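K.L.:
Okay, so TrEMBL annotates it like this:
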| type | residues | note |
| --- | --- | --- |
| DOMAIN | A:3-322 | domain 'DNA-directed DNA polymerase X' |
| DOMAIN | A:52-71 | domain 'Helix-hairpin-helix DNA-binding motif class 1' |
| DOMAIN | A:92-111 | domain 'Helix-hairpin-helix DNA-binding motif class 1' |
| DOMAIN | A:127-146 | domain 'Helix-hairpin-helix DNA-binding motif class 1' |
| DOMAIN | A:346-426 | domain 'Polymerase/histidinol phosphatase N-terminal' |
Amino acid sequence: MYNINKDLANIFYKMAAIYEFLDDNFRARAYQRAAHVIEDLPDDIRNYIQGGKIQRFRGIGESIYAKIKEYIETGKISKYEELKKKVPEDFIELIDLPGIGPKSLKKIYEELGIKTKEELIKALEDGRVEKLEGFGPKKVQNMLKALKMYEISKRRMLLWHALELSDYLVSQLKKLKEVKKVEVAGSIRRRKITIGDIDILVVAEDKDRKKIMDYFVKLPEVKEVLGKGLKKTSVIIKTSNGRERQVDLRIFKNEEWGAALQYFTGSKQHNVHLREIAKEKGLKINEYGVFKVDTGEKIAGETEEGVYKSVGMDFIPPELREDRGEIEAALEHRLPKLVELKDIKGDMHIHSTWSDGFNSIEDIAKFVKEHYKYEYIVITDHSKSQRVAHGLDEKRILEEIEEIKKLNQLLGFDFIKIGSEVDILLDGSLDFPDEILAKLDWVVASIHSHFNRDNTDRILKAMENPYVNVIGHPTGRLIGVREGYPVDLEAVIKKAKETGTALEINSQPLRMDIDDIWVKKAVEEGVKLVISTDSHNLGSFEYMKAGVAIARRGWATKKDILNTRSWKEVQKFINEKRKRMGGILIGA
DNA sequence: GCCGTTTTCGGCCCGACTGTTTTCAGTCG
């Protein structure tokens, strides 16, 4: 079933923009919040509204529920159709554009009758806008710049690339002895899958502020300085691959550090919710600390833990701060203990030169043993249908098994496990017969063809096979390149639970598949997950960090992640499925 | 628009900066 959540959320975001334009800010906020809630639902919204029975969500009340129902039944929302007539079509998009606000747009629309983006640019350039009351040359310049930057900023950066860039900037700032503390905040710290701007926070003495800001704007990668002060400086950085990113640097006092970090890590929804609760308790939270409203006394701010504690909450890990229930859980002291990078005991999806990897199995094993504290790795080269990836046929995978046996003898123990990333064929059967699969330590089954059809049936059938242990990159999406193939992940999760099959969190920067929303759903359903790098070269083993981050964003604990287990424990998982689905047990 | 064991009406996060003003509105994060 095609998931309508995204379409519905988009409509509500647009309605919010229109209400902003109409100066009805509270309504706008209500629609924004509803859109956010719907976007975060793993299941199709129709599943929550069955037979007139409505599941309650915070932020969706009677009126918005009625509109959701109307959309489900008719494919339209009449209120939206009505609202659209009040705003020029181009403007709905422009209202969300950073640098131009709804008030300015409204004035330009009302006084000059401007209705399209092209007309707006023309009126800005020929001086008509400048003559309006409240406008001036600077404002006009900034609006033009905002329009120009729009196309650039619209493309968000992949988490991995943002991490590389922000790590570099942090390392440069650490070179100054005046920088006492430095941390990346914002969506990078929350490990969102894609990143807009980069926020960096620093602790320093007041007298050193100028020196730090001067140093920052002189970094060779800085292409343009958007604003420079002693508290905040904004620049445009040009990355090595030619992309442009806005980076904000802010300096705080040590006693403000926790409050600043909390505030600038966001998310916005999380912060708003947190402050509402603080307010109920007679407290005020800003980026400098937590204060009692009546006396103005500061009661927290030096550490993030202190900020949360002051309102009666446990510390909330940054990856959870999306207002998806973490605030309630923190108040009730029932936040999960999230999985950590150090819990990972092995990588279970790796390609070698036997198929399309760049390194020999021997080089991979030596490299991983030297750089990671893993207990095992699983080599999972492609199967024969993947001709372009030099997939292995039956004869060659038997040879690969022998090769790995020899290498393990050299290493002195069974560090290398033999697996396969076996193709799921069009009819849901697998690219290897069961006799071969039964000889393998671990089987990843993936879809690499027919992306346009609904592939739920293929995946469900593959999971019925007793030797398939995990479904690789379950949606097949490439972020910003192609959408995933149509697949009913709800049914996949159900079948995974039923058959004892795991689902992969593929850590490749472009994949991040499955994502945090579905991880959370899988965790709730008790389905096990595997965090894998799908490495094709030695540098890719680092992607495990990103995979763990996605797992954490999905509320996963150590027990939800299979590759936090010893190999003996993994084998138990394998045998449980083989037993249940009628396969040959390990060692039998 | 949503929400509520103090409220079903009257609230709805908070501060900095910018550009335009001469005390403030608009915008951002």
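Residue numbering: from 1, along the chain as shown.
Placement of Cβ uses the backbone N, Cα and C atoms for every residue, glycine included.
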K.L.:
Which bits of the chain, at least 6 residues beyond where the domain 'Helix-hairpin-helix DNA-binding motif class 1' (A:52-71) starts or stops, bring a Cβ under 8 A of a Cβ in it?
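P.N.:
Residues 4, 8, 11-12, 30-31, 33-34, 36-38, 45, 77-80.
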K.L.:
Looking only at residues six or more beyond either end of the domain 'Helix-hairpin-helix DNA-binding motif class 1' (A:127-146), which have a C-beta under 8 A from one in the stretch?
P.N.:
97-100, 104, 107-108, 111-112, 121
K.L.:
With DSSP as the yardstick, break the domain 'Polymerase/histidinol phosphatase N-terminal' (A:346-426) down into helix, strand and coil residue counts.
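P.N.:
DSSP classes over the domain 'Polymerase/histidinol phosphatase N-terminal' (A:346-426) add up to 29 helix, 23 strand, 29 coil.
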